[in-house]
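For HIS83, HIS182, the entry in Swiss-Prot reads heme b b562 binding site. For HIS97, HIS196, the entry in Swiss-Prot reads heme b b566 binding site, with the evidence type similarity to another entry. Annotation comment: Swiss-Prot describes HIS201 as ubiquinone binding site, evidence class similarity to another entry. Sequence annotations record features per position, and here Swiss-Prot assigns transmembrane segment to 33-53, 77-98, 113-133, 178-198, 226-246, 288-308, 320-340, 347-367 based on similarity to another entry.
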Amino acid sequence: MTNIRKTHPLAKIINNSFIDLPTPSNISAWWNFGSLLGVCLILQILTGLFLAMHYTSDTTTAFSSITHICRDVHYGWVIRYMHANGASMFFICLFMHVGRGLYYGSYLFSETWNIGIILLLTVMATAFMGYVLPWGQMSFWGATVITNLLSAIPYIGTDLVEWIWGGFSVDKATLTRFFAFHFILPFIILALAAVHLLFLHETGSNNPSGIPSDSDKIPFHPYYTIKDILGALLLTLALAALVLFSPDLLGDPDNYTPANPLSTPPHIKPEWYFLFAYAILRFIPNKLGGVLALIFSILILAIISLLHTSKQRGMMFRPLSQCLFWLLVADLLTLTWIGGQPVEHPFIIIGQLASILYFTIPLVLMPIAGIIENNLLKW
């Protein structure tokens with residue numbers, strides 16, 4: 001009798017995706033982050049669901065409802081901090097996952113890669129709206145500043161901003177709609193993740209060498225299920241350590257002050273995972289130029305595959321490209337640091353140089369390095 005997992009319509013899909021899936025035998029720990037993102041997403045949906053049971057999306061009670069969750073709800077503080085720090089873990093895994101894709105040439109699976117970019121943008125939108133919900137000072141002013149960027153769009157900008165706000169300033173209507181979107185978007189992310197996997201399984205996974213591995217595949221279960229469980233355990237350990245020992249490490253103290261439209265915080269800044277893009281936005285003097293640079297700092301990923309000049313797929317055997325890749329990583333860390341600093345000397349010039357470098361490396365230097373490496377192979 002044929003095994004039910006191979007015949008049952010629903011079990012067959014799960015079997016082909018997570019059990020009998022032919023997987024390259026040499027994929028490293030860098031391939032763990034996809035499953036870790038799945039773990040993070042499920043965790044965020046579950047903790048978010050329990051938070052939504054106690055949260056009120058009204059400007060007068062939003063802040064006190066968060067206080068109520070932390071003080072009165074049974075283990076509410078754990079749920080709240082797991083959700084807040086879970087977002088940080090989510091973005092750490094996202095950056096690692098995208099970095100892996102860039103390093104090993106996974107962007108050449110264009111459908112999977114493009115769905116991934118849409119996923120990244122959706123997750124960023126969700127995280128931004130979630131940051132507004134506690135209705136602290138940084139929530140309010142962050143929402144005001146970031147939504148106001150749309151006013152840089154010629155002709156329709158101001159109308160667009162007021163349409164998003166639901167009035168003439170960030171107020172009750174804004175908070176209510178942000179809560180509604182923040183609740184629905186994770187389920188859209190879940191659906192997009194399924195499409196992302198669907199396209200990935202059309203081609204099969206890439207591997208560190210970048211060489212087709214059809215001749216050397218092993219079943220996903222038990223080899224990679226065990227590996228993924230280990231990754232999930234380490235992630236859970238890191239998250240638990242963060243939540244239980246220093247839950248406010250990655251947060252902003254200003255968000256413990258209730259939102260006050262009459263008092264602007266000295267330094268308005270978003271969560272740490274947006275600081276690199278925020279730094280690029282800030283260090284372009286022109287408003288529209290800054291907004292375009294901000295958008296392009298993410299959308300640059302969409303044209304990476306067009307700039308691939310090397311005859312080899314990954315960077316495993318390309319020392320020049322490796323140097324440039326790690327320079328880009330260092331540059332991103334520099335931008336993240338600068339984004340959290342005040343706009344004054346010497347941070348301005350460092351930010352401008354780091355922003356220029358951020359675009360120069362993938363658009364100019366990496367394609368040139370690819371051509372040089374191709375010619376070096378002829379020697």
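Including glycine, each Cβ sits where the backbone N, Cα and C put it.
Among the binding-site residues listed (HIS83, HIS97, HIS182), HIS97 has its Cα nearest to the Cα of HIS201 (ubiquinone binding site). Cα separation, HIS97 (heme b b566 binding site) to HIS182 (heme b b562 binding site), rounded: 23 Å. The Cβ neighbour count for HIS97 (heme b b566 binding site), using a 10 Å radius and every protein chain shown, is 20. For the transmembrane segment (33-53), the neighbouring stretch richest in Cβ pairs under 8 Å, chosen from 77-98, 113-133, 178-198, 347-367, is 77-98. Within the same chain, residues 17, 37-38, 41, 44-45, 48, 52, 55, 57, 112, 115-116, 118-119, 122-123, 125-126, 129-130, 132-133, 143 sit at least 6 positions outside the transmembrane segment (178-198) and bring their C-beta atoms closer than 8 Å to a C-beta of that stretch. There are 21 other CB atoms within 10 A of the CB of HIS83 (heme b b562 binding site), with all protein chains counted. A separation of roughly 24 Å, to the nearest angstrom, links the Cα atoms of HIS196 (heme b b566 binding site) and HIS83 (heme b b562 binding site).
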